[in-house]
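Colleague: Not my notes, these are from TrEMBL:
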ACT_SITE  GLU92  active site, proton acceptor
DOMAIN    98-328  domain 'Radical SAM core'
BINDING   CYS112, CYS116, CYS119  [4Fe-4S] cluster binding site
BINDING   GLY159, GLU160, SER191, SER214, LEU215, HIS216, ASN290  S-adenosyl-L-methionine binding site
ACT_SITE  CYS333  active site, S-methylcysteine intermediate
Amino acid sequence: MQTDILSLTYEELAEKLGALGQPKYRAKQVFAWLHSKQVLDFAQMTNLSIQFREQLGKNFYINEIKIRKKLVSQLDDTVKYLYELRDGEFVETVVMRYHHGNSICVSTQVGCRMGCSFCASTKAGFVRHLTPSEILGQIYTAERDLGEKISNVVLMGIGEPLDNFNNVLTFLELLSHPEGRNLGMRHVTLSTCGLVDQIYRLAEKNLQITLSISLHAPNDGLRSQTMPVNRRYPIDELLAACRAYADRTGRRISFEYALIDGFNDSPAHAKELASRIRGMLCHVNLIPVNRIEERDYASSSQQSVKRFAQVLESSGINATVRRTLGQDINAACGQLRRDEKDRGGCVL
Ligand code: SF4
């Protein structure tokens, strides 16, 4: 059986090549072809002997994901990809253009089992985890297609990254390896709905990635209405884990807060939120919610968003309002995949 070579860590690759009778330095060469030059065919590894390339082809495969659809925003050059995986499943990836470089939002699972009510993926639930190569492949394919490098990676697409902990950790190891893609961990943001146990596990790794929490409510009553995970891990437990993460890593926590008209967007909600996170190394990212056809959620007015931000700021909490990109191509996550398979995804 052939092995998915792009999912192997450097050490695993060295071990497998050693078992095939190859000297140690081969791992460095092959790893660079895969992760630095990002070739998709062993035949392109031209500094290796033909026999060795044939040996690689017999024992391994390079996991290629295909661009099934590509939409480019006429407003701001945001690019949205629908990728097809080897087994015919689909995931979405969005590349956002900023003056400081390209930022990519990748998916980590096909579907999701977290069941957030504002997310279309709850309709069909979880299908499977993505492998490290499938998460990496979203980046490499976009870089090949655009002919440009990605400078920031956000794990905020379809799926809950901490529910796919081991594969996501391997992906991060591969992405940051100095012999490969070599992207600094400070350029990575991992977004979670709040799997407390896994946040502690991640803190122990001290990876220097930014942890982003989908909070979206200032108290358990409201949060449990939209996010079932809150019944398992209430806000106090979640915030304790966030403090531990910030203490261990020295990294500022980012709280995502989608403002839904009449639900969580009053000045009283802002004050309650401020009182819970005051003193923590953090900032709040306010998101004017996307309109969701199947749900009754409506976006807060600009005035409510501004007022909410002002209350936070006057309480000493750093807050920003997220700029909405790619509005003309519906860049909210999950919509292309839902069209393709009627299975949904994250729509914030
Ligand atoms: S919002 Fe994120 S964690 Fe929640 S169901 Fe959607 S993909 Fe999963």
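Note that Cβ sites are derived from N, Cα and C of the backbone, with glycine treated the same way.
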Colleague: Cβ under 6 Å from an atom of ligand 1: which of these recorded positions qualify? The list is GLU92, CYS119, SER191, LEU215, HIS216.
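Modeller: The qualifying recorded positions are CYS119.
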Colleague: According to DSSP, which of helix, strand or coil covers GLU92 (active site, proton acceptor)?
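Modeller: In the DSSP reduction, GLU92 (active site, proton acceptor) maps to strand.
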Colleague: Looking at the binding-site residues SER191, SER214, which sits with the largest number of other Cβ atoms within 10 Å of its Cβ?
Modeller: SER214
Colleague: Check SER191 (S-adenosyl-L-methionine binding site) against DSSP and tell me helix, strand or coil, would you?
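Modeller: Assignment for SER191 (S-adenosyl-L-methionine binding site) reads strand.
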Colleague: If I take the Cα of GLU92 (active site, proton acceptor) as reference, which of the binding-site residues CYS116, GLY159, SER214, LEU215 has the closest Cα?
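Modeller: Checking each of CYS116, GLY159, SER214, LEU215 against GLU92 (active site, proton acceptor), the shortest Cα distance is to GLY159.
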Colleague: If you measure from the Cα of GLU160 (S-adenosyl-L-methionine binding site), which of the binding-site residues CYS112, CYS116, CYS119 is the nearest?
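Modeller: Closest recorded candidate to GLU160 (S-adenosyl-L-methionine binding site) by Cα: CYS112.
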Colleague: Which site among CYS112, CYS119 has the most other CB atoms no more than 10 Å from its CB, taking these as binding-site residues?
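Modeller: The largest 10 Å Cβ neighbour count belongs to CYS112.
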Colleague: How big is the gap, in Å, between the Cα of SER214 (S-adenosyl-L-methionine binding site) and that of CYS116 ([4Fe-4S] cluster binding site), rounded to a whole number?
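Modeller: About 10 Å separates the two Cα atoms.
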Colleague: By a simple count of other Cβ atoms within 10 Å, which of GLU92, CYS116, GLY159, the recorded positions in the record, is least packed?
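Modeller: Sparsest of the recorded positions GLU92, CYS116, GLY159 by Cβ contacts within 10 Å: CYS116.
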Colleague: Can you tell me the CA-to-CA distance separating LEU215 (S-adenosyl-L-methionine binding site) and CYS116 ([4Fe-4S] cluster binding site), as a whole number of Å?
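Modeller: CYS116 ([4Fe-4S] cluster binding site) has its Cα 11 Å from the Cα of LEU215 (S-adenosyl-L-methionine binding site).
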Colleague: In angstrom units, rounded to an integer, how far apart are the Cα atoms of CYS112 ([4Fe-4S] cluster binding site) and GLY159 (S-adenosyl-L-methionine binding site)?
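Modeller: About 5 Å separate the Cα atoms of these two residues.
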Colleague: Measure from the CA atom of GLY159 (S-adenosyl-L-methionine binding site) to the CA atom of CYS119 ([4Fe-4S] cluster binding site) and give the result in Å, rounded to a whole number.
Modeller: 10
Colleague: Sort out the sequence-distant neighbours of HIS216 (S-adenosyl-L-methionine binding site) for me: same chain, 6+ apart, CB within less than 8 Å of its CB, listed by position.
Modeller: PHE118, ARG223, THR226, MET227, GLU256, TYR257, ALA258, ASN264
Colleague: What three-state class does DSSP give GLU160 (S-adenosyl-L-methionine binding site)?
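Modeller: Coil, per DSSP.
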